Amino acid sequence: MDRGKYSAYNPGHCMIIQRYVLNNLLKVFVGAALVLYGVMFIVQWIRIGQVMSLEDLDVLLLALVPLAIFVLPMALIFSILMVLEKLSTESEIIAMQACGIRMRTVYAPIIAVSLVCMILHVSISMYLGPLSMQRIQERLVQKAPEKVYSFIREREFINTFSGVTLYVESVNQVARELHNVFIETQGPGRSIISAEKGTIDFSPSGILMRLSDGSVFMETGKSLRYITFEEYSFSLDADFKGELKIREADVLTQPQLAEMIRENPKPKMIKEYHNRYSFPVINLILALVGIQFGIQRPRSPRHTGIVFGLGTILGYYLVFLMADRLVKGGVLNPVAGAWTPNVIFCLIILGVFFWRRSGLGRGGA
């Protein structure tokens, strides 16, 4: 048998290998993405399920669009590590090298997928995500008043309603009644209201609170008044955007965010603006991490690469938080803070790359 015939470089063989690697990579990527989306769907249901119902399933699905900026990198690193580990432990990498296949042939589909993920990440961060959040915010704020009882927590001071601090001893969600209600209003005419019972009604004109069997202690200037009542009604203005924890920047596309920065250049917003350019680069960084640590010795313990993947994601997140704190404290420039995690991890990858090719690293995987 002529060994040279099989070991020589053959573009046709390379295409077959690349399709094989890409096929395995996409299968694992889709599976990992579905698992991550399933977890995040449950988290989103817990977060906004108090306002949404099954009739609003489209809103919950729409909420998965901005979450793709987290799903894409995680699914990417896990798919790369799992595929390369499988090829290594089953000696497929050794067989490819024995046939003259260069490692760059194996790595090409990985880099291609990471570039696609990065492009998707950029488009979601700058446009698709904010547009989805705008639609979600409109629906949530529209639906929230109808389910206002969901925002009232027993035995807690609640600031959901503008200019009012509310405390409720107990809430009957079925009868839609409040028991032992205490209210403090703010402003020039400060007053403290207590009532045995109360209800909150929603109408097109707004939110109306009705109290029964209570008293009002009012302070107006230097005068004090105390009155009792059988029934007392007043309107409420609710800040549901804050209660639903929707950040201002989340609903702004990149041009809208740039316009806001021109009007009021807050460091927080400047960093958010540049995060949308810097964070998608994590897809390329994770691809390089996967290439460096994914290939294992055939007899090495399985799932070693997964540990490196989790460590990389956790490390990146910690550096990101550290940079964010430094920016908020005025220690670090917002632009530098946005790119700091990428710079640090690129330096680490370069260090590992040269270490593995040095005399010290040749004994590694």
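Backbone N, Cα and C atoms are what each Cβ position is placed from, and that goes for glycine too.
Quantities reported herein were computed from a predicted structural model and do not represent experimental measurements.
Going by TrEMBL, these are the annotated features:
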{"type": "TRANSMEM", "residues": "25-47", "note": "transmembrane segment"}
{"type": "TRANSMEM", "residues": "59-84", "note": "transmembrane segment"}
{"type": "TRANSMEM", "residues": "105-128", "note": "transmembrane segment"}
{"type": "TRANSMEM", "residues": "277-294", "note": "transmembrane segment"}
{"type": "TRANSMEM", "residues": "306-323", "note": "transmembrane segment"}
{"type": "TRANSMEM", "residues": "335-355", "note": "transmembrane segment"}
Exercise for the section: May I ask for the residues of the chain that lie six or more residues beyond the transmembrane segment (25-47) and have a Cβ under 8 Å from a Cβ within it? Expected result: 60, 63-64, 67, 70-72, 74-76, 78-80, 82-83, 109-110, 113, 245
Problem - Contacting positions for the transmembrane segment (306-323) when only residues 6+ beyond its ends and CB under 8 Å are counted - result: 73-74, 77-78, 81-82, 85, 282, 285-286, 289-290, 293, 332, 337-338, 340-341, 344-345
Problem - Long-range environment of the transmembrane segment (277-294) - Cβ separation under 8 angstroms, sequence gap at least 6 - result: 69, 72-73, 76-77, 80-81, 83-85, 88, 107, 110-111, 113-115, 117-119, 121-122, 125, 304-305, 308-309, 312-313, 316, 338-339, 341-342, 345-346, 349, 352-353, 356, 365
Practice task
Mind checking which residues of the chain, 6+ beyond the ends of the transmembrane segment (335-355), have their Cβ under 8 Å from one of its Cβ atoms?
Solution key: 270-271, 274-275, 277-279, 281-282, 285, 288-289, 292, 312, 315-316, 319-320, 323-324, 326-327, 361
